[in-house]
Amino acid sequence: MANGFARNFNPALDTGVRDARPLARASLLNTGRSAGWIALPWLLPAVCAALWSLGSRYGWISAQVLPPPSLVFDTLAGMVRSGELWMHVGASLSRVAVGFGAGVLLGLLLGGMLGLSRTAEAYLLPAFNAIVQVPVLGWLPFLMIVVGIGEPLKYLLIAHAALVPVTLGTLQGFRQTPDAYREVARVFRFTRSQTIRSVILPAAVPVIGTSVRLAFTKAWLTLVVVELVASSEGLGYLIVYGRQLFQLDLVLASVLVVGAIGYLADRILTLLEARLQRGNPR
């Protein structure tokens, strides 16, 4: 009997060592797959950077047309050390903060009014849709005549760029609140303000969050374009200044900063949007 027990006894099976190996392999596969998904978005920028470096090193493209990466980053480092970059970044960020903030606030108010009132929608939405069909920069010549080329011009165009997506997103979010939620509010005899605060707004948060992200992208691009045309400071002005002096290293350094700030801002807004959705009482 003892011999039979010894023959049937398997320490590896009883201690779970054999079962742990497939789990470990699966864990490694999942880790590798996750790392691959994280690295995938950086593949195209890495390939472009490698081609840029190789093209500059082997003379595939003239340095006057496409400066080498080392020169671009040296120019960028020099502007950081001198403080010139921070002055222009600060000017651009202050403009986009004012214009974007005003556009988002007005968009929330206008979109909420259109979403809550059929009368307001009937009277205001057709005119709003007509204005939306005109590109933001289509208003540039008219506004330059009316308000000049100072800061109000930039604020107005940036606010317009942010206003449109936030208004439409808020309107859509308010209108897509499920009827079942509204019925529950009626059963519990919620007041209008309670219904808006506890039912409609939570249901609209995902759409509004996405529209705010889109609004910042449009506002940031509008800012840079306006600074290209009518500004004496800012990242857009740096790009124009470098082009006028044919300093393409300065142009590319400024473009890299514009892209980096836009990417970081989008990531921050994405995290805020995810946090709002996690805290959504729905």
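Using N, Cα and C of the backbone, Cβ positions are placed for all residues, glycine too.
Caution: TrEMBL annotation is automatic and unverified by curators.
Per TrEMBL, the feature transmembrane segment maps to 35-54 (among others).
Marked as domain 'ABC transmembrane type-1' by TrEMBL: 89-269.
Annotation source TrEMBL lists transmembrane segment at 96-116 (among others).
Residues or ranges marked as transmembrane segment by TrEMBL: 123-149 (among others). Here the transmembrane segment (123-149) has long-range neighbours at 110, 113-114, 156-157, 160-161, 164, 167-168, 218, 222, 225-226, 229-230, meaning same-chain residues at least 6 beyond its ends whose C-beta is under 8 angstroms from one of its own.
Nonlocal intrachain contacts for the transmembrane segment (155-174), taken as residues 6+ away from its ends with a CB within less than 8 angstroms of a stretch CB, comprise 95-96, 98-100, 102-104, 106-108, 110-112, 114-116, 121, 128, 132, 136-137, 139-140, 143, 147, 200, 203-208, 210-212, 214-216, 218-219, 221-223, 226. The annotation transmembrane segment is assigned in TrEMBL to 155-174 (among others).
The transmembrane segment annotation in TrEMBL covers 195-214 (among others).
What TrEMBL records for 220-241 (among others) is transmembrane segment. Within its own chain, the transmembrane segment (220-241) has Cβ neighbours under 8 Å at 87-89, 91-92, 95-96, 99, 136-137, 140, 144, 149, 153-154, 157-158, 160-161, 250-251, 254-255, 257-258, 261-262, 265, counting only residues six or more beyond its boundaries.
Same-chain neighbours of the transmembrane segment (248-265): 64-67, 71-76, 79, 85, 88-89, 92-93, 216-217, 220-221, 224, 235, 238-239, 241-242, counting only residues six or more beyond its ends whose CB sits under 8 Å from a CB of the stretch. TrEMBL lists 248-265 (among others) with the feature transmembrane segment.
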